[in-house]
């Protein structure tokens, strides 16, 4: 069973920045803003791990059994996903094949984003957003309820060096790496890219929901 402690949200972002330079059959992750991870996911939940076991999940093209880790979880809150609670989370058996380990202690709460498998099940990989709940900033926690969803039609583009420019009005530049040399910087922790009434997108910072004046602003 996987026993490594789960990294914090900032560590997850750092892992994505470094990527996964592994063989062709392994996974490779590109850094993304937490809002992008939310928007790309079918399911986003806050949950606690209850138990874990290795299970068979069919066979590969050569007839060999495919192993996966099945985590039984207790869902605390669903931010995005089906009406049915998530009871089981599946992942590959090791990080070498893109598996995402959860802490074996079972006491930590996590923010988990991944793909739905239906019937109360979901699948996660090393590239998905999985972080200890305590490592999620207060602004990020607020954004999970509505703000991230308000910008899922926007495009967040990573800026690697200054200067960089938007290519369209529905784009937000993610400059944490260019400005701070980290991916888990101020924009990742405190900002959401929100679509405004004129169709343009802009970064919004703050705990409170955006005021109508912000949403009604039009780009010149």
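A Cβ is built for glycine as well, from the same backbone N, Cα and C atoms used for every other residue.
In Swiss-Prot, the annotation region 'Involved in metalloproteinase-binding' applies to 27-30, one of the ranges 19-22, 23-26, 27-30. Straight-line distance linking the Cα atoms of residue 40 (site 'Involved in metalloproteinase-binding') and residue 98 (disulfide bond), rounded to a whole number, equals 17 Å. Its Cβ placed at the centre, residue 159 (disulfide bond) has 17 other Cβ atoms within 10 Å. Ranked by Cα separation from residue 127 (disulfide bond), the recorded positions 61, 152, 193, 201 are led by 152.
If you measure from the Cα atom of residue 152 (disulfide bond) to that of residue 193 (disulfide bond), you get 8 Å.
Most Cβ neighbours within 10 Å, among the recorded positions 39, 61, 154, 164: 154 holds that distinction in the structure as shown. Comparing Cα positions, residue 61 (site 'Involved in metalloproteinase-binding') lies closest to 67 out of the recorded positions 27, 67, 193.
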